[in-house]
Amino acid sequence: MITSEDKKYLMNTYSRYPITLVEGKGTKVWDDKGNVYLDFVAGIAVNSLGHCHPALVDAIKNQSEKLIHCSNLYWNENQIQLAKIIAENSFGDRVFFANSGAEANEGAIKLARKYASLKYGDKRYKVISAKNSFHGRTFGALTATGQEKYHKGFGPLLSGFKYVPFNDIDALYEAIDDEVCAIMLEVVQGEGGIHEATPEYIKAAREICDENDILFIIDEVQTGIGRTGKLFGYEHYGITPDIMTLAKGLGGGFPIGAIVAKEDKAVFQPGDHASTFGGSPLACAAGIAVMNEITKEGFLDSVAQKGEYFRRKLKNLKEKYSVIKEVRGKGLMIGCEMDMEEAPDIVTKAMEKGLLINCISHNVLRFVPPLTVTEEEIDTALIILEDVLCEMGF
Ligand SMILES: *Cc1c(COP(=O)(O)O)cnc(C)c1O
């Protein structure tokens, strides 16, 4: 049990639910009182293989007995191997490893500015991002994040950023001038409430970038690594970005982030960018294990199928409960917009019944279970959700 005495040691950055998790296996987690939960939060789309998947545990165990960390002053084989796996399975040619989504996005912004400055000089530095986006909490990523609530109290932010309404093609065209070096977008806005980009929008962004030699950065921190039923979210749109960033699901719970770029956009030279911990043998061993599982024959198809199944069942619930306003998402990245003030209460009540979900933008229930979740587990989650709605009188 965590007491108020314990709480005084941590900064008060999170409003936490009053449970303490101690163990996990697959989609299940246990708290310190022995209660079991179905985990449809999965570390916020991080535990892609579920908790303590044997392939991931073995990879971490074995590597930790060989070499945990070495400096990027030297080569390490795991880093090369993971970069190769990512490159061979994506549009990308070159990879830089970081430790988190924010760090990957910082690096992507630096890379875009460097590319533009090499070709066009220092007058080309602006980054366009979308309103309601989320790119992380460090200053570059925070500035790129098009939501005022995250900016408040932290000014001055970086200069050279511009926000456009999401899915508005005209606004994107209007925002372009010869000072723009990059457009940065999520293909499904995660923290912003599970909003999908329209195919036309992503195609238009690609076209604008091609016409003006602007770099298209896709933030795949949440949508990447199989989350949407394809290995990367951009694959749904028939285009490729110039740069993408990865993190959340890549290490299956072990911290790792990455910047992936096309050869001619990967202009960093020695000294331009670095990360002490980035791409350690241990982190990359975790990444390799995750990528090997996710690229196995049939894995991604099953993610897409389970996502379909889940959304179909949620839409059935929507027929019965008018408080469910909309069901959105791709693959196993699903949002359920609720037409009620008490949406956050659903989270607490579901937790009491053994289901972990979370609520974003006040009224959207987010479901991002492990990609290894079973249909039976999805059924159980839906029964709990319906129970909660009934109990609340809907
Ligand atoms: C979570 C997230 C980030 C930030 O990742 P951190 O690892 O928390 O820094 C950035 N972009 C997107 C789209 C995210 O979902």
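Each residue's number is its place along the chain shown, starting with 1.
Glycine is no exception: its Cβ is also placed from the backbone N, Cα and C atoms.
Annotated in TrEMBL:
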BINDING   Gly101, Ala102, Phe134, Asp219, Glu220, Val221, Gln222, Thr276  pyridoxal 5'-phosphate binding site
BINDING   Arg137, Ser275  N(2)-acetyl-L-ornithine binding site
MOD_RES   Lys248  N6-(pyridoxal phosphate)lysine
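For Ala102 (pyridoxal 5'-phosphate binding site), the same-chain residues that are 6 or more apart in sequence and have a Cβ closer than 8 Å to its Cβ are His135, Gly136, Arg137, Thr138, Ala141, Leu142. When the binding-site residues Glu220, Val221, Gln222 are checked against ligand 1, Val221, Gln222 have a Cβ within less than 6 Å of one of its atoms. Cβ-based neighbour count (10 Å, all protein chains) for Arg137 (N(2)-acetyl-L-ornithine binding site) stands at 14. Sequence-distant contacts of Thr276 (pyridoxal 5'-phosphate binding site), defined by Cβ-Cβ distance under 8 angstroms and a gap of at least six in the same chain, are Ser71, Asn72. Ser275 (N(2)-acetyl-L-ornithine binding site) sits 13 Å from Gly101 (pyridoxal 5'-phosphate binding site), taking the CA atoms of both as reference points. Taking the binding-site residues Asp219, Glu220 in turn and counting surrounding C-beta atoms within 10 angstroms, the largest count is reached at Asp219. Fewest other C-beta atoms within 10 Å: among the binding-site residues Gln222, Ser275, that description fits Ser275. Close to Lys248 (N6-(pyridoxal phosphate)lysine) in the fold, though at least 6 residues off in sequence, lie Gly43, Ile44, Ala45, Val46, Ser48, Gly101, Val221, Gln222, Gly224, Ile225, Arg227, each with a CB less than 8 Å from its CB.
Working note on the binding-site residues Gly101, Phe134, Val221: by count of other C-beta atoms within 10 Å of each C-beta, Val221 ranks first. According to DSSP, Gly101 (pyridoxal 5'-phosphate binding site) sits within a helical segment. According to its DSSP assignment, the residue listed as 'N6-(pyridoxal phosphate)lysine' is helical. Of the residues the record lists as binding pyridoxal 5'-phosphate, namely Gly101, Ala102, Phe134, Asp219, Glu220, Val221, Gln222, Thr276, the two whose Cα atoms sit farthest apart are 25 Å from each other.
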